[in-house]
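First comes the structure, then the notes that go with it.
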């Protein structure tokens, strides 16, 4: 046989082998064929879409993009029948604002804010002279708008073609007289499940699928039929609902048709985006604020807490303070989308945390509502610009009554599709383990728990008891049957812990106290020292002038004295690498897409189809 014939025979064998592999079901590469090896890495990142869904804004883009696309996370759906009542999810309004105690709570919160402003001296060593609303009210009430133009330049979204739905900016600018319902599918970081129209889990997931698919097609220019070539990185909250995450993963893989997915927590992605290995991550969003300590890519479960307030609450508080000062735009309504956008803009423009800016100052703003003249208002403000953002540290000022304001990490409700969840592990524990656990619970609950007052005065065992999560009541009742009289005490201990946690979650912690609580929940003093030394602030809710210095001052003053002596500097980072703090977590998701270790985290469509939620337990980079 000649050399050429030998070569042909070998080529034939290779082709035959490839055919055999295909028949045996070896996975084909996700990247389209005929790609030179040198471009493989680049193409892989280019074929990964990073999605960071927020309560108000959706951020998404390819992993290779410098910045993500930001889209209002809202959808307008056309009425199916004529005469259907209009429905719209609230933006700045929320439950618990119109209770009899709300106004008294607001006033008490404002007194604490004023006391804090007066107690901190300005940089020249003098105290601020407070400005009362009466000093501005008479001036502001005299002000009348000047007409800049008879046409504002803005228009309502054209709905003459009667589209079934509108997404993002188009949904925000739907005329209120048109027959469309407005839905925000995520509220306070969780799926917006409610008893009203469009509030079922199925309806919310359908809204999310439409918004994300529309954004991918319009802004990333990826046809939906090509998503089988793409993979997705999804950012989820630190305190997540397992059922909701499972449904989102199912939607992305099985309905939208992505080839694979990696799910990771926002706080860990924020550390990737900022280039920090260990830090206390403070994510102040529009609707919620989450705090947790991250060390070497791991979010410590017992340090996580979520506060049910954010930037939109500051906007609403600023409106209340401006009303006290005679706000000249008297037609402003919190139920009007255009006015909500205006109030958000005024907060971002005028509010600050700079003690040195004091006294009365003149300001002006424009109103450019669709199909209305452009108006110019002039008005005068004093301390209101500082008081509103300080409500984040004194949340009683928001006037929210009877709502759960703080969420800790709890044991999940269990999932019948997940055979190795915590409920299964509890049920299969030996009697000795259960008895030992009951005794430990009894001992821990016998100690007094003080939730009132400043957190720095509390004993160090508080975090340990809070982070141990709620013990499953059914398993405790099982202990009662096995352990006799001892188990009655254990059940009492369990109930007292549940009551303590319930009391704690009913209180609205200020941002500084939440950070101190989170750090105090770390397991060792070395870790606590690391966290006090590095506090990373992300999200758009604390983007105020001098916020960095203000937060640093409050943490230093309230830190336990034992740490104040040994920590040289509390480093509060509000703009890592000079990046917009709202984009840090998304950027971290893009970094995650490029890491070699991420290859082990992908969950593929076929695997999900076969094994379901068990793949999250196997592949997630955090404890599922």
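From the backbone N, Cα and C atoms, a Cβ is placed for every residue, glycine too.
According to Swiss-Prot, the feature compositional bias 'Basic and acidic residues' maps to 1-25. For 1, the entry in Swiss-Prot reads N-acetylmethionine. Summarising the annotation, Swiss-Prot assigns ATP binding site to 55, 56, 283, 284, 285, 286. Per Swiss-Prot, the feature phosphoserine maps to 132, 412.
Projection of Swiss-Prot feature records onto the structure.
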| residue | record | contacts (Cβ under 8 Å, 6+ apart) |
| --- | --- | --- |
| 55 | ATP binding site | 73, 184, 186, 187, 188, 189, 285, 286, 287, 288, 310 |
| 56 | ATP binding site | 72, 73, 91, 184, 285, 286, 287, 312 |
| 132 | phosphoserine | 382 |
| 283 | ATP binding site | 266, 267, 270, 289, 290, 291, 538, 539, 585 |
| 284 | ATP binding site | 310, 311, 392, 511, 537, 538, 539, 540, 541, 542 |
Neighbours of the ATP site 55, 56, 283, 284, 285, 286: Cβ within 8 Å of the Cβ centroid, same chain, sequence order.
54, 189, 287, 288, 289, 310, 311, 312, 539, 540, 541
Using all protein chains in view, find how many other C-beta atoms are within 10 Å of the C-beta of residue 285 (ATP binding site).
26
Site extent for ATP, whole Å (max Cα pair distance, 55, 56, 283, 284, 285, 286):
14
Give me the count of other Cβ atoms within 10 A of the Cβ belonging to residue 286 (ATP binding site).
25
